[in-house]
Each structure stands twice: as structure tokens, then as C-alpha cells.
Amino acid sequence: MEHQIITQNVYAPDTEAKLDVARKLFAQFDSNKNGTLDPSEVAGLIKTTFENMGVKDYSVTADDVKLYMKSVDVDNNGLVSYSEYEEYVIACLKKAGFDCEVKQKVKRSAKKRDAATEMKLDVARRLFAKYDSDKSGQLEEKEVYGVITETYKQMGMDYKPTEADVKLWMSMTDTDKNGTVSIVEYEDFVISGLKKAGFMVKEFTQA
């Protein structure tokens, strides 16, 4: 089965840090986890944005929401998608003097999931890109050692994988048994781990 692969932009560390805050805010107010914000959810996002800037007890008006929707809802469907939101945040960061030049493009599955899950996957995608040394879009066994080592490191553990560890990891991740792990297989493996850990994952179709 063919899976569509797309690319995702990675920015300078300071810019990515701000985007991480924005992603968490989007995930917080995407209450039904459908990957979009409706006007009522946008009102909560605006209020929290003001609070984060030190403006307490700000009363969000209908005009505030309309103005925000006009600026962000590019396709005018009455909803703010995550991609529209991120483009708006990047434009604001650029105006504020942040470096918004794309530093790297990482491959990812075209599947769309809720923003909280996407934040987890963003970390995994960058890890995949880092150890895909020949940029083939596939991880070979020799590249998997680094992935496993850094995964443990992110959990605060200094662990060096053995050959048996790598072969076990490959057996769980390489679902088509072609000897390499694609970004789609890797994302599916990460999603499976998140679900086992009790993390709610929602996939949806969005144009």
C-alpha cells in the first residue's frame, strides 16, 4: 500500500521554541481533537494569549474573534486549521524579528492527527531525519543504533543498544519486512507506543 509522504519545515531553535508554545496552546483549545478551532475555541485561545502576555481578566468580544478569524482562517470555512494557525504564528514571529528561515525539511506521513499527537511526532520526525544519514527516507539497521540510543537519552537513560535490541526493534517497526524502516512505519510505531501508554490519538481527514 502506497503512503503519501510530504515534507515539514524546521526553523531555528528560538523560533521552534515559540512554535512549541503555540502548538501546545492550539492543542489545549482543540477540545474535540478534530484538528481545527471553531469560533468558541478561538475565544479561549485569544484570552489565554492575552493572559500569557500579562493582561489579566481580558474580556474577549465577538469582534475580537471575527478579526482573528479573518486574519487566520485563510480558506474562509469558519474554522482555523492547525496549518493556518502555524502559518499565522510564523508570520507574527517574523514581524517580531525572529529568524523564520527554513533550516531543514523533514519527511513525514501525510496522515493528519490532533495537534497534541503532532507535537510528539515532530520530535520523532527530527530524530528520524537526524539518523537517516544518507537521506534515503529509510532507516537501515546501522542507523537504528543512534535512534535507540537517543530515544533512551531523552528519557534520561544512558543505554547502548545491542545487536539483539536493534533486530527486535526492526522486527516491530519494519512491517513490510523489506529490511529498512520508512518514515510511515516509524510514525506508526511511535503512535502505537503512545496508545499503549494511554495517550489519546485522533486521526482525521482534512483537505
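Each Cβ is built from the backbone N, Cα and C atoms, and glycine gets one as well.
Annotated features, as they stand in Swiss-Prot:
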- Met1: blocked amino end (Met) (MOD_RES)
- 17-52: domain 'EF-hand 1' (DOMAIN)
- Asp30, Asn32, Asn34, Thr36, Glu41: Ca(2+) 1 binding site (BINDING)
- Asp73, Asp75, Asn77, Glu84: Ca(2+) 2 binding site (BINDING)
- 119-154: domain 'EF-hand 3' (DOMAIN)
- Asp132, Asp134, Ser136, Gln138, Glu143: Ca(2+) 3 binding site (BINDING)
- Asp174, Asp176, Asn178, Thr180, Glu185: Ca(2+) 4 binding site (BINDING)
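Feature map: Swiss-Prot annotations on the structure.
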residue	record	Cβ neighbours (10 Å)
Asp30	Ca(2+) 1 binding site	22
Asn32	Ca(2+) 1 binding site	11
Thr36	Ca(2+) 1 binding site	21
Asp73	Ca(2+) 2 binding site	20
Asp132	Ca(2+) 3 binding site	22
Gln138	Ca(2+) 3 binding site	18
Glu143	Ca(2+) 3 binding site	19
Asp174	Ca(2+) 4 binding site	20
Thr180	Ca(2+) 4 binding site	19
Glu185	Ca(2+) 4 binding site	21
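A simple way to gauge crowding: the CB of Asp176 (Ca(2+) 4 binding site) has 11 other CB atoms within 10 angstroms, across all the protein chains here.
Around Asn77 (Ca(2+) 2 binding site), taking its Cβ as the centre, 11 other Cβ atoms fall within 10 Å, counting all chains. The Cβ neighbour count for Asp134 (Ca(2+) 3 binding site), using a 10 Å radius over every protein chain in view, is 8. Taking the Cα of Asn178 (Ca(2+) 4 binding site) as the reference point, the closest of the binding-site residues Asn32, Asn34, Asp75, Ser136 is Ser136.
In this structure, the C-alpha atom of Asp134 (Ca(2+) 3 binding site) lies 36 angstrom from that of Thr36 (Ca(2+) 1 binding site). Other than the site residues Asp73, Asp75, Asn77, Glu84, same-chain residues with C-beta atoms no more than 8 angstroms from the centre of those residues' C-beta atoms, the Ca(2+) 2 site, are Val72, Val74, Asn76, Gly78, Leu79, Val80, Ser81. Neighbour counts of Cβ atoms within 10 Å were compared across the binding-site residues Glu41, Asp75; the minimum falls on Asp75. Over all protein chains present, the Cβ of Asn178 (Ca(2+) 4 binding site) has 10 other Cβ atoms lying within 10 Å. Separation of the C-alpha atoms of Glu41 (Ca(2+) 1 binding site) and Asp176 (Ca(2+) 4 binding site): 41 Å, rounded to the nearest whole number. Within the set of binding-site residues Asp132, Glu143, Thr180, the entry lying nearest in space to Asp30 (Ca(2+) 1 binding site) is Asp132 (CA atoms).
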